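Annotated transmembrane segment per TrEMBL: 315-336, 356-374, 394-414, 420-439, 460-482, 518-542, in sequence order. The domain 'Polycystin cation channel PKD1/PKD2' annotation in TrEMBL covers 428-551.
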Amino acid sequence: MAEARSTGKITYVTLSLEDVRGSKRSDNESEDTESKKETVYSMYTQSFMDDYLIEFSEVFRRKVREKYCSTEEISWSDASDEVKVEILIARFEDGGRQFSEDPLLVLLKKWPASETFSDNPRLIEAEINRLVKIIFCKDEAKKYKFFKDKKELSWKTPLHLVAELNFTSVAQTILSHYPGQLYITTNPHAGNDNSRSIPLKLALKRRNDEVSTLMIEHMGSESPDWRHLPKFREDSSLEMKKDIELAWSSEPSDPISYQFSYKILDGDESGRDPTHDDFDWMSKSCLFLIANSGNKEAIQHPVVRRLVKRKWIHYGHFWFSVQTGLYLMFLLLLSFSLLYGATKSDPTKYQGSADGLRMICEIFVVVWIAAYIADEVNEIEKKRWSYLKVPQVYFNLFDWLGLILILSVIPLRFSRHEGQWAVASVGFIFNVLRLFKYSCVTRATGLYTKTLARIVYRDITRFSCVFLVVFLAFCGAFFLSLRVTSDVKVFGGFDMVMLSGVRAFVEQQPAADDYTKFKWLPLFVLLTYMMAVVVILLNILIAQISSTYCEAKKNARLQYDVDRMLIITRLEHSRFHKFNLRLNYYQEEEIIDEMTLAKDLLEYNEDRSPWETVEEKLDEIRAIMRKIIKRIPLQD
């Protein structure tokens with residue numbers, strides 16, 4: 001049965017399920033019979049819809065009952081909501097489609113502003129959300145996708161209105177149907193300082209945390225491209241400055257991931273990234289300048305090292321391996337041409353199939369040398385004066401000597417000069433040693449070769465200077481002391497004295513086989529030299545090499561990255577736009593988690609314990625990142 005309860009001026013009417021279901025059981029029952037089962041309602045009873053709907057009017061009840069009886073799947077409350085929406089739409093259509101009477105604007109503007117709910121609009125949020133869902137389901141033409149309230153100067157979207165009301169459930173409904181409204185801005189006008197605002201900005205201004213959180217969760221994970229700290233306007237308040245600085249300094253100290261931007265490193269000399277229409281692809285990148293600067297702080301920056309590793313994996317290692325394979329083929333052809341030609345009495349004559357093959361190999365060798373010379377000229381044009389920087393200049397000198405000496409064999413051979421074999425011998429040595437240039441094709445050979453090169457560059461050169469002084473002193477003193485025997489040629493001359501001094505150091509052999517023919521002074525000089533070279537200098541050299549090797553192992557990762565940077569920047573600066581690897585493999589940014597970053601930066605540090613825990617690795621990487629990410633102190 002239906003019953004009525006009166007509280008104050010408002011009368012609440014409820015219908016029993018039997019009354020409603022009775023209409024489903026018998027569609028032929030008359031309207032008079034149904035009215036007898038229901039309690040007479042107050043004609044003054046109205047819902048919160050005020051002027052728009054009479055909640056319990058006879059017409060409304062009949063429409064709800066008809067919709068409820070039309071299908072078994074709809075509930076009475078759902079039928080009631082659909083009828084309300086139909087009445088709102090009908091009122092909008094019959095009223096000449098006035099913009100202020102749009103069903104969505106009525107729900108989001110007039111209902112919350114009504115006298116009954118103006119103090120607490122959240123009381124009708126649930127019902128408004130149900131009605132908004134029905135309106136969107138009926139919006140087949142996607143009318144509300146870019147809908148704006150153009151009766152106001154700000155032209156707010158439904159999501160702007162919901163953001164101001166802090167209706168979280170309604171905002172969720174709008175975002176599920178039209179997520180693009182997150183990024184639609186208001187119309188600038190004098191009332192809002194001629195600024196544009198997205199819904200999130202309005203929610204933050206109203207301090208509506210719930211709906212603000214919801215909007216942030218639905219936004220894409222993109223960061224603004226702010227390469228510099230915000231610059232305050234002169235009229236900005238001190239409180240606003242402190243708020244911004246407080247927000248900046250409250251960033252998490254231990255983030256779980258880092259966003260690395262590669263725009264600057266891959267940009268041209270004007271700062272334009274490769275996606276820019278005016279990008280100068282022939283200019284040197286920032287990565288190129290860092291690679292050739294020798295600035296250890298810049299080279300060790302995590303973003304630089306991560307970009308180098310990414311490029312090495314994507315294309316650097318592949319193309320460098322191709323170059324290594326081509327050079328091995330060049331050495332194979334060169335070796336066959338020179339070694340087989342040395343077996344011929346006259347290498348200018350080509351008789352038989354073997355000589356024919358030698359001629360083909362020699363032609364390919366000449367073409368290959370011309371290509372390598374062109375590549376070196378190209379490097380000179382790119383690097384200019386940095387081409388002559390130490391220690392890179394020594395490798396470049398090796399390249400030029402190896403190529404020029406082999407080319408010099410051609411005129412000497414056809415002039416039948418015997419000096420061709422001496423030139424070919426030296427040139428062959430230089431070209432084989434050039435193979436060290438491609439040692440970075442694998443990490444193990446790259447690190448070992450660079451360590452060896454550092455030992456030769458630092459220790460062998462310094463030791464050679466000291467040994468040369470001792471060696472010359474010995475040769476001169478020993479040769480003069482032989483005058484005691486009245487015959488300086490007893491040892492075979494000054495050249496043999498020098499040879500014996502070198503053999504004593506290199507072969508660890510005594511300077512002479514028979515000491516009986518020498519008097520006391522030559523013997524004293526010989527023994528002093530052997531002690532100085534074998535006992536002192538040689539052990540000092542071994543200690544120096546051991547120390548340098550340990551030091552090189554500590555910086556192995558850094559040295560390997562430097563070599564890879566030089567290789568990558570050399571590969572990607574092509575003169576042909578189509579083959580420019582910097583353009584073809586450009587990536588604007590990358591998100592790296594802590595574990596991946598820890599492996600990249602700590603993997604090759606020999607001082608780390610093999611039993612180191614994950615927490616210890618993360619603590620180390622966080623300490624490194626804190627040194628890079630500088631925090632802004634708050635203003636007093």
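Even glycines carry a Cβ here, placed using N, Cα and C.
Contacts between the transmembrane segment (315-336) and the transmembrane segment (460-482): absent, as fewer than 3 C-beta pairs lie under 8 angstroms at sequence separation of six or more. Put simply, of 356-374, 460-482, 518-542, the stretch with the most CB pairs closer than 8 A to the transmembrane segment (394-414) is 356-374. Under DSSP, residues within the domain 'Polycystin cation channel PKD1/PKD2' (428-551) fall into helix, strand and coil as 106 helix, 0 strand, 18 coil. When Cβ-Cβ distances below 8 Å are used as the criterion, the transmembrane segment (356-374) is approached by residues 330, 333-334, 336-337, 340-341, 350, 399, 403, 406-407, 410 of the same chain, each at least six residues removed from its ends. Each residue in the domain 'Polycystin cation channel PKD1/PKD2' (428-551) has a pLDDT score, and their mean in this model is 78.
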